[in-house]
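> Okay, handing you the structure first.
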Amino acid sequence: MDCAAALLPGFHPNYLLCPSRHFSSLLPKTDLSSPLKFQLQNKQLSLASSHGFSPVICNATLSDTYSETVELADIDWDNLGFGFLPTDYMYNMKCAQGESFSNGELQRFGNIELSPSAGVLNYGQGLFEGLKAYRKEDGNILLFRPEENALRMRLGAERMCMPSPTVDQFVDAVKATVLANKRWIPPVGKGSLYIRPLLMGSGAVLGLAPAPEYTFLIYVSPVGNYFKEGVAPIHLIVEDNLHRATPGGTGGVKTIGNYAAVLKAQSAAKEQGYSDVLYLDCVHKKYLEEVSSCNIFVVKGNLIFTPAIKGTILPGITRKSIIDVARTLGFQVEERLVHVDELLDADEVFCTGTAVVVSPVGSITYHGERVPYNEGGVGAVSQQLYSALTRLQMGFIKDNMNWTVELS
């Protein structure tokens, strides 16, 4: 039964029916080798998958303004960029310092009210996550590894002295928000619904201290490609004067302040015609860290290597998934220190992240020297990994990795 169909006028149930993770151990071995071109994001696809699913209860209260519209939103699905489009509903849940989150609810999307003395505004006490929902040809919806986002938020909350939702609360809230906004999920092959969970110190605090109250909020927006180049190769410049993170800092968690700190270098790079910035470590200034909002991978023959997670690099969920997919496909993958000079003779370089998935790098400029890759095209390894992961995310192959969560 569809979750909204069970609602009666005037009643305010405290649940939504949400399908649970399906058990991929019953499915055939995942085929990660079949091709799927980068250009498929801009074309209608005819592939489908038939996963099973079962209902579970989500602890979300529906506000009295909740209603359901089954038709797709009237927007230009063929020209989605990575910009914000307001949707219908957002999810809101609060708790006091020292207590636990409970009793979240779906509300009409709109502005929120914060004290000028809120901890998030004065001291940057906040985290965010990002994940996506995809529409399948049978009308069902796929989420990609939402429990990983929940776990990462919990780790970040501990670092930032904040309470956080449990993994189940986080995942159930994501499901509820996606289903409430399902008319905004792009048609197959047109994009995805970007999901943005926020955790912030919303209570008023004047002296430097953890906020007395916290808000967990989720909003969503339909999106296309993150980079303006779309799926064409991007061009990076290495930054060795400004740094994204420092040892002992917060570079390994998804705190909001990490991203404001990269805007100066990123803006300067874009003014020079580059897509983004590749940062080096702040101690030796010679080891790769990450791009402004993406992890970085280097390819040499059958070897793929990426900077190790050591406290200054965000443990990306797409990064983690690509490592597993690459090993499944027979590549040797190393997580280690990567010297900037290793870019000079690399076969390919690519970035990974929720927003970009896999983004091939066409060139990297370091100290005025431009190093091109793949003659301006998409490298074979980047293409293969992109194909394998997106086929799984979009439900075109059965998920033997047990990574997707299906909603009806």
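Heads up, residue numbers simply count up from 1 along the chain you see.
Backbone N, Cα and C atoms are what each Cβ position is placed from, and that goes for glycine too.
Annotations for this protein, taken from Swiss-Prot, read as follows:
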- 1-58: transit peptide (TRANSIT)
- Arg152, Glu290: pyridoxal 5'-phosphate binding site (BINDING)
- Lys254: N6-(pyridoxal phosphate)lysine (MOD_RES)
- Lys254: active site, proton acceptor (ACT_SITE)
> Neighbour count first, Cβ atoms within 10 Å, every protein chain included; then name which of Arg152, Lys254 tops the list of recorded positions.
Lys254
> Quick one: Cα separation, Lys254 (N6-(pyridoxal phosphate)lysine) versus Arg152 (pyridoxal 5'-phosphate binding site), in Å?
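Cα-Cα, rounded: 8 Å.
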> Which residues does Glu290 (pyridoxal 5'-phosphate binding site) neighbour through Cβ under 8 Å, counting only same-chain ones at least six apart?
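The answer is Arg244, Leu278, Tyr279, Ile296, Pro307, Ile313, Leu314.
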